[in-house]
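Annotated features, as they stand in Swiss-Prot:
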- H89, H91, E95, H134: Ni(2+) binding site (BINDING)
- H89, H91, E95, H134: Fe(2+) binding site (BINDING)
Amino acid sequence: MVQVWYMDTEETDQRLEHHRNPPAYLELDDLYQKTGVEYFKINADEYQSDNTLTELRAKRGYTYDDEITCSEKCLPDYANKLKAFFTEHLHTDEEIRLILEGSGYFDVRDNEDNWLRIKVVKGDLIIIPAGIYHRFTLDTNNFIRTRRYFVGEPVWAPHNRPADEMDCRKSYIKHQSENFVQFNKV
């Protein structure tokens, strides 16, 4: 089950947990209200026939998917890719990830610009909304295999911060000010 907490401000090894002292955890409902990030539990061993995933794909129009493995052995240009993933950025489309194996962290900004760390493991599916500042890193296991979902042809174009003038960012801020009440939650 996914865990979420407020991060400390240490700039040591990004793969560590980085809890505040004392630790400050968030419930999934609070994560959604603060960030619009959605979470679903999926049977990773039988994801092709998982009803929740099938429903999500139909309702959200996810017509393309692929798989990516992040490890030193499997990812070409590993060090530079991890650096790019951990650079704070946003996307014009939502980012949908199903964890098939391994673990890692998605960090997202809340409405007060604090970092929230989301630990993802096998069976976790998260949807990072378009326009939210975020980043990704592996944990100390240094391995994750994920299924990525897209509406149409895949576009993974990061827009590094600052990108506040982009339409997707303005739309995100509007939804955030409304606690994501009228957002896409399925």
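Note: Cβ is positioned from N, Cα and C throughout, glycine not excepted.
In the three-state DSSP scheme, E95 (Ni(2+) binding site) is classed as strand. One way to see the shell of the Fe(2+) site is to take the Cβ centroid of H89, H91, E95, H134; the remaining same-chain residues with a Cβ within 8 Å of it are L90, I128, I132, Y133, R135, P158. Here the binding-site residues are H89, H91, H134, and the one with the most other Cβ atoms within 10 Å of its Cβ is H134.
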